[in-house]
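Visitor: Mind looking over this structure? Questions follow.
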Amino acid sequence: MNEYEVTVFIGKLDLASTFDDVYIKLVGSDESPRVQIPRKWIPSVKETELHLIIPCPKFLGTLVLVELQKQNRFEDSWHPVKVEVKSPEGRIYHFPVYHWITDNEVHYFREGTALTVFEDKCSVDGYSREEEVKQMKNVYCWDVYKDGIPQCLKADGLKSLPYDICFSFTKYAEMTYTATTGLIELELIQIAECEKKFTCMEDISRLSHVHQSVTSKYVYNHWKEDAFFGYQFLNGTNPILIRRCTALPDNFPVTDKMIFPDGQHNLTDEMMKGNIFLCDYKLLDGVDANTINGEQQFLMAPLVLLQKTNDDKLMPIAIQLKQKAEQGNPIFLPTDSEYDWMLAKIFVRSADFNLFELNAHLLRTHLLGEVFAMSVFRNLPMVHPLYKLLIPHTRYTLNINFLARKLLISKNGVFTQFTASGGEGVFTILKKSLFSLTYSSLCIPDDIAERGLKDVPNFHYRDDGLKLWDIIHRFVKGTLSFYYKTDGEVEQDSELQAWIKDIFQNGFLSLESTGIPQKFTTVDEMVKFVTMVIFTCSAQHSAVNSGQYDFGAWMPNSPTSLQLPPPTEKGIANEKTMLDSFPSVNTTVHGLAVMWLLSKQSSDCVLLGQYPEMRFTEEFPLQKITDFQEELKKLSADIKARNSRLDLPYIYLDPDVVENSVSL
């Protein structure tokens, strides 16, 4: 009799064990008997392993998969994470599972060696790669939430989401608690329904005194300063807009006399030297602003001109608040009155909030992260090396996006109710943003080069981002090159090609103008795209998400909406004009609560480079993971050392805070 020593590992999650009867079968060139795991081995909440011996009359040969089945007596769920088998000759087999089993069907789990479609010789009755993918496509179906934006997971409600992509009990409880008690934690609950305007700056300051960070304190103390206004285009929540200016747009008629009245500089020379930069909010042009508390709101589409000074500061030198150059749309200058200039900057900061939330944050990380995840689930079997590589970067993304559609941008969502772009404006901006998006803008080395920002000083987002990109690229290239030796193998992998095709068609809506690949023809093409996917879901999301409360807690620095139109002439703005322009009390309070919620990591977050789920089992990819972790550890130390020398540390791309996936 051949005896196989089997260990079934149960997930360290709440409710991961089961009261139902569970069965296991080993499959190689022959099959073991179907064996029930004895009731006494069903673990309590604290136990994590089940041990049993499976006697077989025949040697099973090389094991290729295990079958697991749960008989629904109590109709609860079960979450095995892996199965390890020691064969009679002493060979250890690893079978990654990491799957919630909720029905009484037979579930097949392959041995852990990653295999592309052309390497896989597995032939077992009842199982095939094609059938696995077909079943997953029935679970993960595309849906059109709104025409003109990336498609999403079809789900009727929170309970209809597939178990495997749902929040853990810990994550759900913590997020629910924060959402429910956020206004209490921020000590704002008593004024959450107050629709009044602010009458003095002191009242605004009372809203942000709780839970101050190093950054939020700095913002409070420096928000009026031109140097900090310029700094935020590089290292704030929206570092993807600014670009070097080599020629003024026709609709921005700035003159030398306006910006260099002393005659010591001229615009042409400064542009030739690379000292002039432009931020153009044209994607907001024509967007119908929201109505809040029965009052019309105002959202501008500004143009901002900035100059790099000799002391390496980025200073605003001209602001035009509407796209069309005409009478009643003055170009504001630092030499204008205090409140003319301050109000112009406030309109820019409000525009920046609305554009960054919808373009840089929602579209370019959340919605694209969902597209990448959906295509993984729909096209790649669990044994595929790309599935194993990318699955950590899909964690919680489909769940958080479902909640965002339900609670933030829906008809009664918080974003709809309390931002200038809420309502149809959201989808207008998302559509315009998608149609203007390019593949190169998602790849930070290409993006920085195209925007002419390679040598801009004090650009920490760029410095840390490029280093992270390189580290991720080396990891991806090293791992995937182990499985794809030639370009031909990439071209011949039908599952890989289906993955990128699904992304192009349903995520980027077959827009060839985006430059998104429709297929892969080389190893390098595949490696670059996969690097972009991981960078987008981890680093880029951290860069645009994690600082929301830091930069927005002091409302005048990041108003979610404005209640007065911009001045049509200079010399009339005063403190009351500014206060009347600010969003109402309740609008401000609910905006702060959302930014607070979206900036809080859960206690079960998984950081970039951490792999609690060991999907790979071969020595080579495991060594690549170790190398990856060492590089991230060194980068984190370097960033901390750099930050110790800065008045305002840039922390958002430190690997110690970057999550593996879009989960907030």
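We number each residue from 1, going along the chain as drawn.
For all residues, glycine too, the Cβ spot is worked out from N, Cα and C.
According to TrEMBL:
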BINDING   Asp76  Ca(2+) binding site
BINDING   His361, His366, His541  Fe cation binding site
DOMAIN    2-115  domain 'PLAT'
DOMAIN    114-664  domain 'Lipoxygenase'
SITE      Trp100  site 'Essential for stabilizing binding to COTL1'
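For each listed feature, how buried is it and what is near it?
Guide: Taking the Cβ of Asp76 (Ca(2+) binding site) as centre and 10 Å as the limit, one finds 13 other Cβ atoms among all the protein chains shown.
His541 (Fe cation binding site) counts 28 other C-beta atoms within 10 Å of its own C-beta, drawing on all protein chains shown.
For the domain 'Lipoxygenase' (114-664), the mean pLDDT of the prediction comes to 96.
Listed in sequence order, Ser77, Trp78, His79, Tyr163, Asp164 are the same-chain residues at least 6 apart in sequence whose CB falls under 8 Å from the CB of Trp100 (site 'Essential for stabilizing binding to COTL1').
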Visitor: Rounded to a whole angstrom, what is the C-alpha distance between Asp76 (Ca(2+) binding site) and His366 (Fe cation binding site)?
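Guide: About 31 Å separate the Cα atoms of these two residues.
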Visitor: Excluding His361, His366, His541, please set out which residues of the same chain place their CB within 8 Å of the center of the CB atoms of the Fe cation site, keeping sequence order.
Guide: Ala360, Leu362, Arg364, Thr365, Gly369, Gln540, Val544, Asn545, Val662
Visitor: Kindly report the helix/strand/coil residue split of the domain 'PLAT' (2-115) according to DSSP, in that order.
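Guide: Split by secondary structure, the domain 'PLAT' (2-115) comes out as 3 helix, 53 strand, 58 coil.
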Visitor: Which number gives the other C-beta atoms within 10 angstroms of the C-beta of His361 (Fe cation binding site), all protein chains shown included?
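Guide: Result for His361 (Fe cation binding site): 22 neighbouring Cβ atoms inside 10 Å.
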Visitor: Can you tell me how many other Cβ atoms are located within 10 Å of the Cβ belonging to His366 (Fe cation binding site)?
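Guide: His366 (Fe cation binding site): 23 neighbouring Cβ atoms within 10 Å.
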